[in-house]
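Asker: Can you read through this structure? Questions will come right after.
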Amino acid sequence: MSHVRSISPDSVLEDNSPSQAEPLIDAETDSIPQPQAQRPPSTALRVLLGVSLVLIAANLRPVFSSVSVLLPEIIEGTGMSSMAAGVLTTLPVLCMGLFAPFAPRLAQRFGAERVLLFVVAVLTLGMLVRGFDHVAWLFIGAGLAGAAIAMGNVLLPGVVKRDFPKQAAIMTGLYTMALCAGAASAAGFTIPIKDMLGGSWRLALAFWAIPSALVLALWLPQALRAKHNTAHSGFRVIGLWKDRLAWQVTLFMGLQSSLAYIVFGWLAPILRERGLSAVAAGGLVSFTIMVQVITCLAIPSIAVRQKNQSWVNVILCACATLALIGFLYLPYWTFWPLAIVQGIGQGGLIAAAMMVIVLRAPDSHTAAHLSGMAQCVGYVLAAVGPLLVGMIHSVTDNFAASGILFAALGLFAAINGWGAGRARHIGVRTEMETSQ
């Protein structure tokens, strides 16, 4: 039996107000089924659950940076064009947008824990097949990993907030740090791993299936032990896709994500073309991603104290974009300062994009749907940037002309970031349907 009632923004309790809401990471807990709280029976199991969730998060980004630092070797070894390499770096991002909408429905049917088990299994398989001999396996692995990451992005934060309601802020911070740390580790260690494995870039790519497989083994008994309650509440948000502010939030998310995945996918090849060694390029990319960790944690507390976040968003866009352009044209001695500036800007943008989803939504249910819109459209848009970098390099045989693309992405991100940062709510109507 179903009951539908309308919820206006004014009827929302004060603890769901934007000022009280916590920043989202890809999706709010409302977008997955809400089974009754499943408390671990002991402190040890509770710690194990938290550690497992953080470790799952740490495995959601190595697929990007591990390919990035090896891209010249991959191009040389397979004979693929720069455009094909652009598709390879873009495919996981595109899949993140295309497969994200399936996660809530799968979780409603099978339970979030079991879907996360499936996610880690598919991610492990995707990482592993990248080491197979035929070039097609690179693309198959990228697609599998991207689809898995899409669902992990949606489900992990909700599980964290459901099972750790009193430690949600700490767990969210650890989750964010794990995402960046995973990307930084792959950027910094993939080249040394390749050297230890006899110079095989295929084995170096496949190596990253090992930590994912270990997490799979850790999560398996916990996922099978979890109980699933199929009763859930669904929320329909009317008018979201027609709201101008919602589109500004979505475009801000997508454009800053495009810059982020250009860093993940192409910064190391750019640095190597400028003359850095493979190890130095990987180390610098790893460093700038670690700087992102710090600003990702610091920016929300700074921005939320402002009357609005427009200027914060614009300044962060300028830092991320100008530093990225600087890597193309400035001398070597500026690279480390540029890495700091880029990390500050990009890490801040990641946090700001998540934060405006909460601040611009009148209630947590609207925030969940706005997050889904921003993620689905945003990641598809984010895929365009890395693809265009590959196309430009294929046509010009260098990365210098990509500066125009970086400037355009940064400018449009700043424009939409200004709009998304204004202190107002999106104008929507929410309906709740409860079913058994």
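Just so it is clear, glycine is given a Cβ too, placed from its N, Cα and C backbone atoms.
Relevant sequence annotations retrieved from TrEMBL are reproduced here:
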REGION    1-24  region 'Disordered'
TRANSMEM  44-64  transmembrane segment
TRANSMEM  84-103  transmembrane segment
TRANSMEM  115-132  transmembrane segment
TRANSMEM  138-156  transmembrane segment
TRANSMEM  168-191  transmembrane segment
TRANSMEM  203-224  transmembrane segment
TRANSMEM  245-267  transmembrane segment
TRANSMEM  279-299  transmembrane segment
TRANSMEM  311-330  transmembrane segment
TRANSMEM  336-358  transmembrane segment
TRANSMEM  370-393  transmembrane segment
TRANSMEM  399-419  transmembrane segment
Asker: I'd like to know if the transmembrane segment (203-224) touches the transmembrane segment (44-64) in this structure, counting it as a touch only when three or more C-beta pairs sit under 8 Å and are separated by 6 or more positions.
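Answerer: Answer yes: the transmembrane segment (44-64) meets the transmembrane segment (203-224) with 3 or more Cβ pairs below 8 Å.
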Asker: Where among 168-191, 279-299, 336-358, 370-393 do we find the most Cβ pairs under 8 Å to the transmembrane segment (84-103)?
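Answerer: By the under-8 Å Cβ criterion, the transmembrane segment (84-103) pairs most with 370-393.
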Asker: Would the transmembrane segment (311-330) count as touching the transmembrane segment (399-419), i.e. at least 3 C-beta pairs under 8 angstroms with sequence separation of 6+?
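Answerer: Yes, these stretches are in contact.
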Asker: Does the chain bring the transmembrane segment (203-224) near the transmembrane segment (336-358), so that three or more CB pairs sit under 8 Å (pairs 6 or more apart in sequence)?
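Answerer: As far as Cβ distances go (cut-off 8 Å, pairs 6 or more apart), the transmembrane segment (203-224) and the transmembrane segment (336-358) do not touch.
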Asker: Short question: which residues 6 or more past the ends of the transmembrane segment (138-156) have a Cβ under 8 Å from it?
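Answerer: Result: 25-27, 31-32, 53, 56-57, 60-61, 63, 67, 74, 78, 87-88, 91-100, 102-104, 106-107, 112, 115-116, 118-120, 122-123, 125-130, 175, 205, 372, 375, 379.
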Asker: Are the transmembrane segment (279-299) and the transmembrane segment (168-191) close enough to be called in contact, which here means at least 3 C-beta pairs under 8 A that are separated by 6 or more residues?
Answerer: yes
Asker: So if I exclude everything within five residues of the ends of the transmembrane segment (311-330), which remaining residues of that chain have a CB under 8 angstroms from its CBs? That is, six or more out.
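Answerer: 252, 256, 259, 262-263, 267, 270-271, 274, 299, 302-303, 338-339, 341-342, 344-346, 348-349, 352, 356, 399-400, 402-403, 406-407, 409-411, 413-414, 417-418, 420-421.
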Asker: Given a Cβ distance threshold of under 8 angstroms, which distant residues of the chain, six or more beyond its ends, lie next to the transmembrane segment (370-393)?
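Answerer: Sequence-distant neighbours of the transmembrane segment (370-393): 24, 26-28, 31, 82-87, 89-91, 93-94, 96-98, 100-101, 104, 150, 153-154, 237, 240-241, 246, 249-251, 253-255, 257-262, 265-266, 353, 357, 360-361, 399, 401-402, 405, 409, 426.
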